[in-house]
Structures are given as C-alpha cells and as structure tokens.
Amino acid sequence: MAAAARSPCLFCQIARGSTSTDLLYAVFSFFIYRPLYCALLFHFHYSFLLLLLPMQDEMVVAFRDINPSALRHYLVIPIDHIATVKDLQRRTEDHRLVNHMLNVGKTLLSRDAPESTRYSFGFHQPPLNSVDHLHLHCLALPFIPSWKHMKYLSLGPFGGFIEAEKLLGKIKPLSQVTS
C-alpha cells in the first residue's frame with residue numbers, strides 16, 4: 001500500500017522532500033516534523049537558526065541541476081505536478097505560477113552568481129523535455145562547456161527551449177491581454 005502512494009515522478013518526490021536532494025528554496029518543514037527538538041533548538045540557538053532558514057514558499061522548490069550546463073544551473077519546480085508547458089493555459093493561476101518560478105530563479109542567481117553578466121531562464125518543450133514535470137532552467141552563463149548552448153535553442157514549431165518571458169506572454173490570461 002505504501003508503494004502505491006509513492007509518486008513515480010522524481011521531481012514530485014524531490015518537491016515533497018522524499019529524496020536526499022539539497023533544496024535551495026523550499027518551505028522550512030523542520031518545525032512540522034521535529035517540534036520538540038526544534039523548540040529546544042529555537043530557544044537556545046535562535047540567532048543561529050535564523051541563519052539556517054531558507055526562503056519559504058508553498059508553491060515551488062529549487063535545486064541544482066545534476067548535470068549543469070552553465071556556471072550556475074538551477075531548476076525551479078512547482079510542488080504540484082504539472083507535466084509540461086503544454087499543460088499550462090491562459091489562466092491567472094498558471095501565469096502567476098510561472099511568473100513566481102521566474103522570480104525565484106532570478107533571486108537565486110542574483111544571490112549565487114552576481115558576477116555573471118548574462119542569465120537565461122526557460123523551459124524545454126515536448127518532445128525535447130527530459131522529465132515530465134514542469135521545471136524552469138535558471139542558468140548563469142556562460143555555458144560550460146560552450147557546446148551545451150545547443151540544448152537551449154528554440155526550435156520554433158518543433159519545440160526546443162522556450163524563454164520564460166515568452167511563455168508568460170503565451171499564457172497571459174485573456175482578461176489581461178485586452179487591458
């Protein structure tokens with residue numbers, strides 16, 4: 001029964017903390033699972049604990065790409081499973097989610113790679129996406145090695161990589177398009 005409850009989607013498992021992946025941006029759930037220990041830690045080490053708190057969010061988590069293509073390469077994923085960009089619609093919720101993912105990515109890269117002069121943010125589109133869980137690639141350029149830029153080219157109607165800003169334009173709710 002427990003095995004049936006486990007999600008086959010690796011990114012869903014990461015988002016729910018079921019793996020050993022180091023999260024760069026996540027809800028701080030330490031208080032929920034270890035209340036007694038945490039209360040003691042909080043009481044005795046309040047100032048130290050504040051240094052350990054990651055930014056909190058209930059919509060997304062972020063982590064390092066296991067096969068980085070750039071100086072810094074992070075992925076920002078929604079906690080709720082959304083397969084690909086093709087599943088996003090012109091809805092306020094979808095637009096808000098992608099915009100939030102982009103803002104998280106920008107915040108992380110400006111914090112961790114301030115020396116980079118160029119950033120790239122975007123999504124792979126089917127059939128060229130490697131994982132069926134929506135994920136924003138956040139890249140602090142240059143590409144390392146330089147040939148990896150090939151993975152992040154737009155192929156127009158054939159898919160490829162779509163910049164986050166372009167996707168936001170495509171899924172902007174109709175009520176916002178006319179105003």
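Cβ atoms here come from the backbone N, Cα and C positions, even for glycine.
Since the structure is predicted, the reported quantities are computational estimates derived from the model, not experimental observations.
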From 13-17, 63-67, 68-72, 133-137, the residue range that TrEMBL assigns the feature motif 'Histidine triad motif': 133-137
Three-state composition of the motif 'Histidine triad motif' (133-137), taking helix and strand from DSSP: 0 helix, 2 strand, 3 coil
Segment-level pLDDT (mean, integer) for the motif 'Histidine triad motif' (133-137): 97
